[in-house]
Ligand code: ADP
Ligand code: MG
């Protein structure tokens, strides 16, 4: 069954109605400062449309992974302020999730007002494995928007989670996909159904274990899979190469070897590596051959020779999916690999290719390295969600909208 979207809800009429929106406002913070507002900006269109149509908007979202209930460092306060700036309209923040303050504020909303609830993960029922516990929280969320309320699912970054504010609320209210979720699904459908060839996949980031399933799934579909980042060292180690102090997942070595045996013509590893003495921004970079990483050194980026090889593989690609930085791009001395590969993807996009960036850190890298966001066809807000979709898994938060 087709998913109803925001336009359907607007056509049904929302003026004066309570609308609960699940947004993804999980932005990186450094000492209370938002270092990358991408997810806040991406959440604006849905909230703006609802507010302008006169809905009483109640937004729920999470920030980080608070473990033991409310904690000030995980408060959505900085997010409420940034969201107000982006919307050009005051967003109130409730002092609790579904408590007395949230209820009072929800009751006081007038048409077009926007209320942000405190971090939904302050309530442990949000992520509970117990269906009844999650449903109880979902019922309290529904209470905030009243009997004729509606639910708009717009937090793409969480649609792979069976959580109260993502999944259970949709079982209780008429439900719609927000503009962000609808756009993300459309792109992922394009990546899985009608892929123009050559299809190249670029994978990096820190852990192989996070991305093995997607490598296995895409190895049969893509023409090439380029591997960099911290995960390349487990692949190199599986070939008997010594990787020094580089990131290594011992338990994944056999799986990586098997993948290279089965898909050696598809998977491409770096030929050179930028190494350093330690994991620090001011450690001196040195380029070595990938099979000659000195003992005691650690690989923090792919080298210029690798960028050149990867660029030639990417230059004529018609479809590209990129997830995970090629190196520790947060340190300028180790950002060249990520920048070079990103530029190759931008080049292929400029020649008519379709490119998708998935993953929070990859998207942050694009912005931090000063690359043009519109150089890519789509920058996804949800790393885990897009990976699970590409692995062929069913996403609970999408399934429940159908
Ligand atoms: P994404 O969020 O895009 O999915 P990941 O979360 O998987 O990406 O990985 C991003 C992190 O991987 C970055 O913080 C980056 O510093 C780190 N990383 C990349 N290359 C290396 C490396 N060689 N050694 C250690 N960490 C690395
Ligand atoms: Mg990440």
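Our numbering is plain: 1 for the first residue shown, then up by one each step along the chain.
Using N, Cα and C of the backbone, Cβ positions are placed for all residues, glycine too.
Per TrEMBL, the feature substrate binding site maps to 24, 25, 26, 39, 62, 63, 64, 65, 121, 161. As annotated by TrEMBL, (2R)-3-phosphoglycerate binding site applies to 39, 121, 161. The ATP binding site annotation in TrEMBL covers 211, 299, 330, 359, 360, 361, 362.
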Completion exercise
Of the binding-site residues 211, 299, 330, 361, 362, the one whose Cα sits nearest to the Cα of residue 26 (substrate binding site) is 361
Fill in the blank from the handout: Of 26, 39, 299, 360, the binding-site residues with C-beta less than 6 Å from an atom of ligand 1, in sequence order, are 299, 360
Handout entry: Cβ under 6 Å from ligand 2: qualifying binding-site residues of 24, 26, 62, 161, 360, 361
Key = 360, 361
Practice task
Measure from the CA atom of residue 24 (substrate binding site) to the CA atom of residue 211 (ATP binding site) and give the result in Å, rounded to a whole number.
Solution key: 22
Fill in the blank from the handout: Span of the recorded (2R)-3-phosphoglycerate site, as the biggest CA-CA distance among 39, 121, 161 in Å, is 18
Fill in the blank from the handout: As a whole number of Å, the Cα atom of residue 161 ((2R)-3-phosphoglycerate binding site) is distant from the Cα atom of residue 24 (substrate binding site) by 12
Completion exercise
One of the binding-site residues 24, 39, 64, 121 has its Cα closest to the Cα of residue 360 (ATP binding site), namely 39
Handout entry: residue 62 (substrate binding site) versus binding-site residues 39, 299, 362 - nearest by Cα
Key = 39
Practice task
Spatially speaking, which of the binding-site residues 39, 299, 330 is closest to residue 24 (substrate binding site)? Use C-alpha to C-alpha, please.
Solution key: 39
